[in-house]
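Before any comments, here is the structure.
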Amino acid sequence: MAERSEEKTSSLMTSDGINTDEKLKHYEAVDSDKTSPITQDDAHSCVSTVADLHSHHEERDLERVETTKQPLVKVPRSQRRGLFARFAIIPEVTEPVHYSNTTKWLITVVVAIAAAAAPVGSAIILPALNQVADELHSSPTITNLSVALYMLSMAIFPLWWSSFSETLGRRSVYLTSFAMFTVFGVLSAISKNITMLVIMRMLNGGAAASVQAVGAGTIADVWESFERGRAMGYFYLGPLCGPLFAPILGGVIGEKFGWRATQWALSIYGVLVLLLIFFALPETLQARKDVVAEAATETNDPSRPPLTRSSTRQSVQQKSKQYAKLLRMLFVDPLSVLTYLRFPLVLLCVYYSSVTFGSLYLLNISIQYSFEKVPYEFPTIILGLLYIPNSLGYILASLFGGKWMDRIMAREARKRQKDNEPLVLLPEDRMRENAWLGALIYPAALIWYGWTVNYGVIWIVPMIANFFYGIGSMLIFAMSTTMLTEFMPKRSSSGVAVNNFCRNIFSCAGAIAGAPLINAIGNGWVFTILGLWTLSSAVVVWAIRRFGPRWRKSMDDAVG
């Protein structure tokens, strides 16, 4: 089973001098405590190495990574963590990064499929919004709240899902959230009025949002940092395939069976994902935080007085303080992740991702709102097909963008390398020509789309613009998320949760403001203003390139 690599020809170092021969653990997006609670005395360390990085072809920098493999140290079935963990087909191991590549990709695929649920839920109803408004006697703006508040819940809930994953483990969070997702999907399908639909869909989106925060952490659990860009790109195929297929499916189902059938389809998808997680996703978090013990430590008196009426009263007070502390740690402390926005690197990455994501949902609302009216007047099923071009752009950029980032990162490290010194990988090295390309393409595509729709140009022309929008925006999404996990290596889930919170706030605003703004000033001016805003936001790329090393050092000193 164990295959040993050829002689090591070079090594990598992260920005603080940690060699890959020591597992490249500095810029690893994992939770703060990396010590596994399950140990095996006879377990051999499985050390990752990098071979042939001094290849004559610079563009193949990270393609020749090989690892020294040892047999996995499996956790006994009776000691596995997470809900119903004994039924998982893939065994839990002490070091998830030592899984075979086949197993890593299987875990990545499972998480990607789960991550598709949230965007599927937001997009599947878009072509049928006019049906919802007619049946439930609601205005277009109020009906759009079923999408906008869905996105708002996707902003808020990950703060708690991220915290719960540190205490309950990733598997338990996945199973619990998708059980809730299925239930709220059913309740959405049987809604009696617009208020019930909006509330149920809001809870439905919050349940599905668990993967947005925890999914990136799972990817970081099983992949080393030098191969994580590619894995993250494939992981995002799940969320990006949702906007591709969901409107098509929603258009077909809505045309044939009505809008309620779209919510039933969403519930069926939730059941399928729940089964997939149940059998194919083991626990990957190496150490969980015991908040009960932590609360007890902070509130317990080490002395044990005799049991008297007075001591009993003190005991009750002590227990009350302990429970209050526990509730605070579970429900209030997760909000503390927002304090990471005080660091310029986190703030700028999150801001750029949020502006881009907000433009996406304003664009989605515009497609549904504009193409059902004169001069296009497309039926529901065709409206669903109009979301294909930008989704194809997302997928294309996702397939090649992550690998491109890894190569750029290695290339920049090679430029700094001196004779016989190891390569030093810096997160800000991911921002080069790929960042500038994305920063220029998608604002231009927004302006292109806005004016062609405004003047009723044949539909294929704005759809070509949307394809380029998909490419440019995805380059920004993947880059900002990957960099966040590397700027916050020991708090990756928290970093992603902050990012999701802010970007979904922007998407909620875009979904709410879309129709009124288009009515007021037209698609042309709406997307011109948005395009100029997003174009000016490209200053983030320059700022991180210019000041990134200094900001990163100060952040490392502050948070450890």
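From the backbone N, Cα and C atoms, a Cβ is placed for every residue, glycine too.
The region 'Disordered' annotation in TrEMBL covers 1-43 (among others).
Summarising the annotation, TrEMBL assigns compositional bias 'Basic and acidic residues' to 20-34.
For 105-129 (among others), the entry in TrEMBL reads transmembrane segment.
Marked as domain 'Major facilitator superfamily (MFS) profile' by TrEMBL: 107-549. Summed and averaged per residue, pLDDT over the domain 'Major facilitator superfamily (MFS) profile' (107-549) gives 87.
For 141-161 (among others), the entry in TrEMBL reads transmembrane segment.
Per TrEMBL, transmembrane segment is recorded for 173-190 (among others).
Sequence annotations record features per position, and here TrEMBL assigns transmembrane segment to 202-222 (among others).
The transmembrane segment annotation in TrEMBL covers 234-252 (among others).
Marked as transmembrane segment by TrEMBL: 264-281 (among others). Listed as Cβ neighbours of the transmembrane segment (264-281) (distance under 8 Å, sequence separation of 6 or more from its ends, same chain) are residues 84, 87-90, 106-107, 110-111, 113-114, 117, 120-121, 124, 171, 174-175, 178-179, 181-182, 185-186, 188-189, 204, 249, 253.
For 296-316 (among others), the entry in TrEMBL reads region 'Disordered'.
The compositional bias 'Polar residues' annotation in TrEMBL covers 297-316.
According to TrEMBL, the feature transmembrane segment maps to 345-369 (among others). Under 8 Å from some Cβ of the transmembrane segment (345-369) lie the Cβ atoms of residues 123, 126-127, 129, 140, 144, 147, 151, 243, 383, 386-387, 390, 442, 446, 449, 453, 466, 469, 473, 476-477, 480-481, 483-484, 487-488, 495, 498-499, 502-511, 513-515, 517-518, 523, 526-527, 530, 533-534, 537, 540-541, 543-544, 548, 551-552, 555, all in the same chain and six or more residues away from its ends.
Away from its own ends, the transmembrane segment (381-401) comes close to residues 123, 126-127, 233-234, 236-237, 240-241, 243-252, 254-255, 363-364, 367-368, 371-372, 434, 438, 459, 463-464, 466-475, 478-479 of its chain (Cβ-Cβ under 8 Å, at least six residues beyond either end). Residues or ranges marked as transmembrane segment by TrEMBL: 381-401 (among others).
Within its own chain, the transmembrane segment (435-451) is flanked in space by residues 356, 359, 363, 366, 397, 462, 465-466, 468-469, 471-476, 479, 523-528, 530-532, 534-535, 537-538, 541, which lie at least six positions past its ends and keep a Cβ under 8 Å from the stretch. The transmembrane segment annotation in TrEMBL covers 435-451 (among others).
Below 8 angstroms of C-beta separation, residues 229, 232-233, 236, 240, 349-350, 352-353, 356-357, 359-360, 363, 367, 371, 376, 378, 386, 388-398, 401-402, 405, 430-431, 434-435, 437-446, 448-449, 499 of the same chain, each at least six residues beyond the ends of the transmembrane segment (457-480), sit close to that stretch. As annotated by TrEMBL, transmembrane segment applies to 457-480 (among others).
Sequence annotations record features per position, and here TrEMBL assigns transmembrane segment to 501-518 (among others). With a cut-off of 8 Å between Cβ atoms, the residues of this chain six or more beyond the transmembrane segment (501-518) that come close are 140-141, 144-145, 147-149, 151-152, 154-156, 158-159, 209, 338, 341, 350-351, 353-362, 364-366, 369-370, 526.
Here the transmembrane segment (234-252) has long-range neighbours at 105, 108-109, 111-128, 212, 215-216, 219, 262, 265, 364, 380-388, 390-392, 394-395, 398-399, 402, 474, 477-478, 481, meaning same-chain residues at least 6 beyond its ends whose C-beta is under 8 angstroms from one of its own.
Long-range contacts of the transmembrane segment (524-544) within the same chain: residues 344-345, 348-349, 351-352, 355-356, 359, 362-363, 366, 428, 431, 435-436, 439-440, 442-444, 446-447, 449-451, 453-455, 483, 517-518, 551, each at least 6 residues beyond the stretch ends and with a Cβ under 8 Å from a Cβ of the stretch.
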